[in-house]
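Features reported for this protein in TrEMBL:
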type     : residues : note
TRANSMEM : 16-34    : transmembrane segment
DOMAIN   : 19-63    : domain 'DUF6533'
TRANSMEM : 55-75    : transmembrane segment
TRANSMEM : 95-114   : transmembrane segment
TRANSMEM : 121-142  : transmembrane segment
TRANSMEM : 172-191  : transmembrane segment
TRANSMEM : 212-229  : transmembrane segment
Amino acid sequence: MTETLTNAAIQTQFEIIRYLILIPFTIVVYDYALTVKQEVARFWGPKLTWGTALFYLNRYSALFGTMPVVIEYFMTTTDPKRIALCHALSRYHTYFALLSQILVAVMLIMRTYALYERNKYTLLLTVGVTLAAIIVALSVTLTGSDLNTLDAHLRTFGCPSPTPHATNLRDAAAWGGMLVFDVMIFSLTVYKALKHDVRAGSLFSVLLRDGSLYFIIMIASNAVNIGTYTMAGPILSGCGTTMTNALSSVVISRLMLNLRNPNIRQLRHRQPTRTTMDLDFAPMNTVTPHLGTDIALDSVWMGPQSRDDWDYDYRSHARTVEDR
């Protein structure tokens, strides 16, 4: 597996992996520092919704959950107990990547479900594809090989885990399931944009803009990561996994922060009842928003109803549109 590589080449690949671990961790920390004030202003409060809980899980699991992965590749020791520790860290890395993607998938399913006004067929489609991807990923994870053929003296550098090509192909198939999921959600988002007239600057346009940007980034990242499994060799295979997880966490956190941006727009009801949607992914209902609802999105952006029933508050001015 690594027998054809010189020690120098192997060490170089170790260094590449370390950079590809450190860079995404730096991105997560830097993004947190940039947006922590927004988080406090837009999420911290007495009311805990499903959207808020998922936001915290996604944001802080990426921030603290990546630390053991950094330790895995930067630890240098000749302690005999290190082998057992490396094995534990390697398994943690695998399950952490899987759980991170499941968490993101749940958030995207709920977002798409809200975008499609609680359409049960959309929910069944997205959940079905997600379950299929999880089953494939679990089968690969539970039957994977921990084979490591590196020379003993090279094992003192981090916790390398070279894998045979057959295992890499199975790992690529597991990530391929996530790629299929991303393409599906992206297609559903684009379809919604093309099917309905969207007012520029509206909340719905923000949903579509951020969603499209997210999926473009994640589809590209997943494709590159799959490429590392199939073409990068036994040591560098999967070296894009941490980057993919970090980007997915950062971008979806930004997406949720944007939904609570008070400078985009605030919508107010002028009538006591109207179809609403909590953009924290609460179910659709026919009453005024409950306390803690961020923004109520009327089906006006998703159907032929008139927009004249709403007041729009913009960043620099307020404009009131009277009912006909």
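In case you wondered, yes, glycine gets a Cβ from its N, Cα and C as well.
Long-range neighbours of the transmembrane segment (121-142) within the same chain, counting only residues 6 or more positions beyond its ends whose Cβ lies under 8 Å from a Cβ of the stretch, are 94-95, 98, 101-102, 105-106, 108-109, 112-113, 170-171, 173-178, 180-181, 184-185, 188.
Beyond its flanks by at least six residues, the transmembrane segment (95-114) meets 50-51, 54, 57-58, 61-62, 65-66, 68-69, 122-123, 126-127, 130, 133-134, 137-138, 141, 178, 181, 185, 188-189, 207, 211, 241-242, 245, 248-249, 252, 255-256, 277-279, 281, 284 of its own chain at Cβ-Cβ distances under 8 Å.
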